[in-house]
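Database features (TrEMBL):
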type: DOMAIN; residues: 69-104; note: domain 'EF-hand'
type: DOMAIN; residues: 105-140; note: domain 'EF-hand'
type: DOMAIN; residues: 153-188; note: domain 'EF-hand'
């Protein structure tokens, strides 16, 4: 047990006033204790306060995508990570999300993606919501996406996606429709892989 580890444990305990925080997270996520310690160290480095607000999140993100404008996408992503919608992402929130995205089952990833697309969190995805997310992704990828994308590309993309997904044609996509369509469609499953590269 190095002094470092003990220090990390102490810090972790002060963040949430309970020493079992790491054990708890280990049980709830697909990360090992060692991985959690490394993640925690990185997190504290970027965010000494132990929580990330939306501005910090956007700053961190813009460093990853300097060629585009990632603010809108970062905003949607922030809301997907901020599960209790209190305007900040704690280390716990962050790790839970990351665990799903990196180690989750297809089903868990699709649930997470549904939540990302469901911008107002009402349990349905509308065409507008899907379009907003698509536009945000296109903005973030910036002008250097190859080949150069036409202005209306996101809209066409969404039309096709949405028609496939909205099985009963009621103008909204439920989580069941979303998961079923995604699992059936290789293109969608491939673009789900895109998530892993984006995050």
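Numbers here mean position along the shown chain, with the first residue as 1.
Glycine is treated like the rest: Cβ placed from N, Cα and C.
The model shown is predicted, which means the values in this text are computed figures rather than measured ones.
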Rounded mean pLDDT for the residues that make up the domain 'EF-hand' (105-140): 92
DSSP-assigned states of the domain 'EF-hand' (153-188) in counts, ordered helix, strand, coil: 26 helix, 2 strand, 8 coil
Within the domain 'EF-hand' (69-104), residues counted as helix, strand or coil by DSSP: 24 helix, 3 strand, 9 coil
